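These features come from TrEMBL:
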- 25, 27, 67: Ca(2+) 1 binding site (BINDING)
- 253, 255, 257, 297: Ca(2+) 2 binding site (BINDING)
- 295, 298: Ca(2+) 3 binding site (BINDING)
C-alpha cells in the first residue's frame, strides 16, 4: 500500500498559481512547495506541470531546479517526473557513475512489470537519444554486462501459471552451476532473465526445499565477486522486493554519513506503490518506525519532504 496522502479535491490551475508565488521574487517558499507536491499523485503532478507551463510559459521542473538545492532539490525533481521518466533518469545516473551502480539497474529491470520496464526503455530513448541497453553495454564489461543487458531487454510473461516439473529441474540447474562456482553460466542468466516471477518463485522454493538452503544465501559467501553480488541482488529483488528495499533503507541510514541517494530513491519510487508495506517490514526488523529513523538522519526541507511522502502529516 502507498504512503502518499493525495488530495482528492485539487485544482491544477490553483496549484500552479501557489507554486508560481512560492518561487517568484526574493526567497523561495519551500513549505508551500512541499504542501502541494507532497500531496499530489503522478497524474495530478502531470496536470500541474501542464497548467504551470500554459499559464507562465516556463517549465516548472526547470524553475524548481534553479530555485532549490542539494538533496531537497534532487528529491523534488525526481518526484515530479512521470514514473517511467524518473526511472530512466535513475538508470542513466547509475550507468554514468564511476563503476556503474548496477543495483539500481537490477531494481528497475526485475521489480517493475514487463510493461513498466518497456515504458522506462522508451522514456530513456526519448530523453537521452540512446537506448538503455546501448549505454549499459558501453559502461559495463564481461559477465556483469551480459547479465544486466539480458535483464533490461527482457519482457517476462506476467501470468500466474507454474510448471512444477520445470521449477524442479531449473532449481537443480542453478544448484549445480552455483556449486561449481560457474556463476557466469549461460543457464543462470537465461533462467533469471526470462522466466516469469511466479515461475521463479517456484524454482527458488524447490531450491530451498531440495538443498536445505536458500539460493540467495548460497551466493553470500565471503569474498563474493561483483557477479555473485549482482546475482544475489537479482534474486532478492525477484523474491521479495519489500525486504530488499527495507535493507537498502537500513544500510542507507546506518552507514557513516547517510546515503541520501538510496533514501531518496526508495521513498520517491515507492511512496505511490507499497511504501506502507516496506515501513512495516522496517519496523519489524529494526523496532523503530521508519519516519523516526529518517527524521533523525536528515534535516530541513529535505527531511520535511521525505516525511510528507512517508505519510506523516
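Positions of Cβ are set from backbone N, Cα and C atoms, glycine also.
Keep in mind that what you see is a predicted model, and the values were worked out from it rather than measured.
Within 10 Å of the C-beta atom of residue 257 (Ca(2+) 2 binding site) sit 6 other C-beta atoms, taking all shown protein chains into account. Looking only at the binding-site residues 255, 257, 295, 297, 298, the one with its C-alpha closest to residue 25 (Ca(2+) 1 binding site) is 298.
Highest local Cβ density among the binding-site residues 25, 67, 255, 295, 298 belongs to 298, counted as other Cβ atoms within 10 Å over all protein chains shown. Comparing CA positions across the binding-site residues 27, 67, 295, 298, the one lying closest to residue 255 (Ca(2+) 2 binding site) turns out to be 298. Across the structure, residue 295 (Ca(2+) 3 binding site) and residue 257 (Ca(2+) 2 binding site) place their CA atoms 14 angstrom apart.
The Cβ centroid of 25, 27, 67 marks the Ca(2+) 1 site; residues of that chain outside this set whose Cβ lies within 8 Å of it are 22, 23, 24, 26, 28, 29, given in sequence order.
Residue 297 (Ca(2+) 2 binding site) counts 18 other C-beta atoms within 10 Å of its own C-beta, drawing on all protein chains shown. Sequence-distant contacts (6 or more apart, same chain, Cβ under 8 Å) of residue 253 (Ca(2+) 2 binding site) comprise 259, 263, 293, 294, 297.
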